[in-house]
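One structure is given here, and the rest of the page talks about it.
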Amino acid sequence: RVPPEQKEEATRRFQILGKVYAVLSDEKQRAVYDETGTVDEDAEVLQDGRDWLKYWQLLFKVTVKDIEDFQNSYKNSKEELADVKAAYLNFKGDMDRIMESVMCVDYTDEPRIREMIEQAIDSGELPSYKAFVRESKKKMMSRRRRAEKEAKEAKKTKDELGLSGENDLQALIKSRSRDREKEMDNFIAQLEAKYGNSAKKGGKKNSAKKRK
């Protein structure tokens, strides 16, 4: 967590740290780096498909309570107000994108976020964008329905995973790990069933030919 004016630099440093971790945790990439002092920027290990949750857990011991405490301290803070204003300017008053970009908000926060923006417009801190002041009710309701649907899906997933306590994140990681192990076991079993049986059949045919 850094002041708003330092966020861009902090993000850049975090991305660099992510690449360092990716290289050091991959045996092939680490060997190349040890030998040449350079890394392959196009390598799969440095692309976006990596497990960022696992990486984050290695850096910080994050619990559900930590997240809730942060949300409580962030909401209605000067930091949140600065982020809301920046999002409003960046997206020219488009509430869809503002609500997607500001941290820790859901559709229940929209009236509060709108009030913050309206007060800033009235005081002259922000310009009056048409996309904001003349947003149609149809678009507002569409955004609300979409957000409510996503909230229901998130709750359903949480209930299915049995996440409800202090160690939610750890439980989620363990659950995913078990799922991956199960998928691998099933995959190996399928290979054995397919190619193991073929090998046995082939062996019988060869023996029969030899007897002939």
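Cβ atoms are placed via backbone N, Cα and C, with glycine included.
Copied over from TrEMBL:
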- 147-161: compositional bias 'Basic and acidic residues' (COMPBIAS)
- 176-185: compositional bias 'Basic and acidic residues' (COMPBIAS)
- 201-212: compositional bias 'Basic residues' (COMPBIAS)
- 74-140: domain 'DNAJC9 HTH' (DOMAIN)
- 140-212: region 'Disordered' (REGION)
Query: Counting each residue once, how many in the compositional bias 'Basic and acidic residues' (147-161) are helix, strand and coil under DSSP?
result: 15 helix, 0 strand, 0 coil
Message: When secondary structure is assigned with DSSP, how many helix, strand and coil residues does the domain 'DNAJC9 HTH' (74-140) contain?
response: 45 helix, 0 strand, 22 coil
Task: Looking only at the domain 'DNAJC9 HTH' (74-140), report the model's average pLDDT.
output: 93
